[in-house]
C-alpha cells in the first residue's frame, strides 16, 4: 500500500477530504498547503448523508385517522422514547385496571370487613385492601404463584374475571412484546455499517466520461442479493410551462450488464457512463458551477444473519461531485489475504480530464474528422461524372441496327439501354434478352460475333416463315421461302445487308 501511495503521490496530487464542509485542500509531496477551494453555500437537501429524507407531511386533516388503521406499523415507526413510554404506560394501566376489578369484587362481597372471620370464605383469600388485590393480580399475571392468595370456589364472578384477565394479558403481551421485538430486529442499524464515499467524482474510465462513487461493507457478514440504484433529482420546466420541483430521473449504473448486482465483500466503485442517454449528457465542468441537482443512491440487500431486507441511502449534491478526480486504491495484497485500508476510503486524487461535456466532445470530434465520402470539389470531376452518366445512354449505339430499332420502342425495358462491355454488366442485362440470346452470350469465345450472326438468323427466320405462309402462287413468284433474299432487288439486298453490319 505504501508503494501505491508513493506511486500515485508522485504522479498525481492527492486530495484529502473532510466531512466538516471546510473545503478541499490539495497537498502533494514536498508541497505546502495550496489555495483552499471554498465550497458553495450549503443548500437544502432532499436526502441527508445519513439517508434520512427531509420531508414532513402537513395539513393531513381527517387523513390522520389512517394511522390508527395500521396501529402496529405506527408503533414500530415511532421513536424509541415513545415506544418505551407506550410500553410502560400500557402495562401500568392494565395492571391498575385489573387490580381495581379484584378490589371491587372484594368490596362488593364484603370481603374487606369479614376477611378475619373464622368460618367466612372470601372470593380471594387473604385480600384485605387494594395493595393486596394488586399483589394478587401481579402474582397471577406473572404466574409467580406464591400460594398465599388464591381464588376460592365460592366466587363465580372471580372465576370469570380470572379468565378475562388471562385473555387480556395474552393480547397485551403479544402486541407490545411483538412490537418491541420487531423494532429491535429492524435492519436499520445494519445500514450503519454500510459506507458511502463522501464525494462522487467525474473522470475518464475506459475512454468514456464516467460518474463514480464508492460503497463499502464494514462487516464480515455479506449482503445477499445486494442491488444499487441511483436517482437524479432536478428541477425543470416542461414545454407546457409546468414546473417540476423534484423531477426524478433514473441513472443507469449497469442495469443491462448486471453491474448493479453487487458482490459487496470489499469496497466497490459504482460507475454511471455519461453518454447520449444520460441526464448528464450536456454537463461540463463550467456548467457545474450553475447547475443544481442531487444524486440519490439507494443500496438494498438481504442481511445474511437475519434474512431481513436492509436499505441504505445517501445523496450527492452538485458541490459534492469532484470533476477530474479518481478514488485512491484501498485494496492491497498481503500474505495469504487481501487487506482493505478504510483510512483512504474517501480519498481522491486529480487526473487529467477534459473539462467539456460529452455533447461538446462529440461535436468537436465531428467537426475535426474528415467525411467518409468527400463531395466533388471541382468542375473537372463533375464533368467526368456527367460523361459517365451519358455513356450509359450511348451504349445502345454499339448494338446491331435491328436491336437499335427495337430499343427505340417506349415499352422496351430500360435495362437494355445500359448494357456494358464488362462481364458483370453483361450478366446483369442478359436477364432481359430472349432466351436464345442468353444462351449464345453464355458460350465462351467470340460472343459478340456469334451474337450478331445469331441475331441476323433470328431476324431472318420470321421473314422466311412469313414467305412460307403465302399462297403457292406467291411463293413461286418469290422463289420459295428459302430464297427470298436472292429474289430481292439489288438495292434492297444492299440495304438489308447494311442493317446487320
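Cβ atoms here come from the backbone N, Cα and C positions, even for glycine.
The feature compositional bias 'Low complexity' is assigned by Swiss-Prot to 18-37. Feature annotation from Swiss-Prot assigns phosphoserine to 385, 424; the stated evidence is a large-scale study or a structure entry. Residues annotated as motif 'Selectivity filter' in Swiss-Prot: 143-148. According to Swiss-Prot, the topological domain 'Cytoplasmic' annotation covers 1-80, 180-501.
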Helix, strand and coil totals (DSSP H, G, I; E, B; other) for the motif 'Selectivity filter' (143-148): 0 helix, 0 strand, 6 coil
Residues from the same chain, set at least six apart from the ends of the motif 'Selectivity filter' (143-148), whose C-beta lies under 8 A from its own: 125-126
Model confidence over the topological domain 'Cytoplasmic' (1-80) (mean pLDDT, whole number): 65
